[in-house]
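Some notes on the structure that comes next.
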Amino acid sequence: MNSTLFIIGVIGNIISVLVFISPIPTFWRIVRSKSTEDFEAAPYVLTLLNTLLWLYYGLTKPDGLLVATVNGFGAVMETIYLVLFLVYAADKGKRVKTAKLVAALDIGFFGVVFVATTFAIGGLDMKIMVIGLICACLSVFMYGSPLAAVRRVIASRSVEYMPFFLSFFLFLNGGVWATYAILDKDVFLGVPNGTGCFLGGIQLVIYAVYMNSKVASHSHSHGSDEAAYDASASLLSSKASRHGQDDVATRV
């Protein structure tokens, strides 16, 4: 790995870490109130799956260390978030629903991918291609989640549900990892992060348009926190990789 690629990868790791830790205020609130209130676990479940797949990709691909390290960190953080979610679930139904999602996606789906690519696919290049394709598809899907927040901003003419810094870090994270992917000639890393950079740029433009709107606003609620994370969840595709509002991804 040349020095330029390494430096860009390290910068990408730092930005992605900032995105991964962005939900901490939300979970601090959950711990203090001892309840998940109306928060949903799905964004965290999907982000954990995303980070696990990119971690696997980074470990499988030669010179994929920087992709693996940041997603390894992300997987640890998302696991912590989900454990707290299970501990402080508002009711038994939400706890059971969360456990089923984790079992089906983070354990079941990831397990199927791991077993299939390990035992049913021969050749390193083919294995990398299959894992990378799965990662890229999931990451593009997750990077599209912030569009819900964009629609909400346009409808309400208020940026309450689209925090600036999360949108900014989504744009920055996607741009840095897309640059890394171009230098590394990694299309699986480049497509989702290029998409994330583009969508992040759209969010910043929308923010600039509506930031001074004279619309009555109310204090940020847990709803805005959740919307923010949904977006960032993806981020971590990068992330190798979320609205960088999570959601992050991914995102790496």
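Easy rule for this one: first residue shown is 1, then count along the chain.
Even glycines carry a Cβ here, placed using N, Cα and C.
Here is what TrEMBL says about this protein:
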- 6-29: transmembrane segment (TRANSMEM)
- 41-59: transmembrane segment (TRANSMEM)
- 65-89: transmembrane segment (TRANSMEM)
- 101-122: transmembrane segment (TRANSMEM)
- 128-149: transmembrane segment (TRANSMEM)
- 161-183: transmembrane segment (TRANSMEM)
- 189-210: transmembrane segment (TRANSMEM)
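Among the listed stretches 6-29, 41-59, 101-122, 128-149, 189-210, the one sharing the most Cβ pairs under 8 Å with the transmembrane segment (65-89) is 41-59.
Counting C-beta pairs under 8 angstroms (sequence separation of 6 or more), the transmembrane segment (41-59) fails to reach the transmembrane segment (161-183), with fewer than 3 such pairs.
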